[in-house]
Amino acid sequence: MSIHLVIIDALNLIRRVHSAQPDPTDIARTITTTQRTLTRILSEAKPTHIIAVFDHHEQDRGWRAEILPDYKQNRKPMPEPLMQGLDAIQQAWWEQGIDSLLSEGDEADDLVATLATKVASHGEKVTIVSTDKGYCQLLSPTLQIRDYFQHRWLDEPFIEKEFGVKPSQLADYWGLTGISSSQVPGVPGIGPKAAKEILTQFEDIEAAYASDELAPKYRKKLDEHIESARLCKRVAALKCDIELGFNLQDIRFTGPNKAE
């Protein structure tokens, strides 16, 4: 039997649904709306296995903040009513047949990346449901990213149009340009156009840095800021070796569960 694993980036979905509600304290409405969303996802994707991955403590910025203290420093805190309603949301999703994985000390992104690449590496189909373009570095013939809200696939043609590089070069791209929304600085003076030019000529940051053929206008910047580039690439890259503590059988989709 062929496998199709769907991984829901839970807070990515929930926060977008919640922010569109007229009354931010009406968590019941948020629950109902997310359930309708999940019903459509289930209908479209027809998964054999499914799981929703949550950042357990969103205010804990994880290991990336330990090596880059400003990382996501300006992230808006989750609204208190929504924070208080997460358990109820997880219960409602469980009743739909979707279990939750809570990150403990690891960023949810790394858990998603580990699970997705592990399954895809065996030739099985994986769909990550998220608007987060950071997942696009994982793209492979059997691993796809679905932006549910824009009704689009974040695929290789999208990455080429958006960034001008290959999915496998995205961490290097962000190492050079930085990620302003997450307070990742990158290399001063290197923006998207320059990063695209560098990564069209060279496979990655290290190849560019080691080459005598790097354009002089970029050589000075890399010479001065190579450690920042390396650090920012490390922060932008997803970990794919997190201990998961469960197997696929545990997240097989068998339909709705009975409410406890």
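Yeah, the Cβs are placed from backbone N, Cα and C, and that goes for glycine too.
Per Swiss-Prot, these features apply:
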{"type": "BINDING", "residues": "Asp109", "note": "Mg(2+) binding site"}
{"type": "BINDING", "residues": "Leu176, Pro185, Val187, Ile190", "note": "K(+) binding site"}
{"type": "DOMAIN", "residues": "165-259", "note": "domain '5'-3' exonuclease'"}
{"type": "REGION", "residues": "189-194", "note": "region 'Interaction with DNA'"}
Near Ile190 (K(+) binding site), which residues of its own chain have a C-beta under 8 A away, given they sit six or more steps off in sequence?
Leu176, Thr177, Ile198, Tyr218, Lys221
Which site among Leu176, Val187 has the most other CB atoms no more than 10 Å from its CB, taking these as binding-site residues?
Leu176
Cβ neighbour count within 10 Å, max among the binding-site residues Asp109, Pro185, goes to Asp109
Neighbourhood of the K(+) site (Leu176, Pro185, Val187, Ile190): other residues with Cβ within 8 Å of the Cβ centroid, in order?
Gly175, Thr177, Gly178, Gly186, Pro188, Gly189, Ala195, Lys221, His225, Ser228, Ala229, Cys232
Using DSSP, how many residues in the domain '5'-3' exonuclease' (165-259) fall into helix, strand and coil?
55 helix, 3 strand, 37 coil
Take the C-alpha atoms of Val187 (K(+) binding site) and Asp109 (Mg(2+) binding site) and report the distance between them in angstrom, rounded.
24
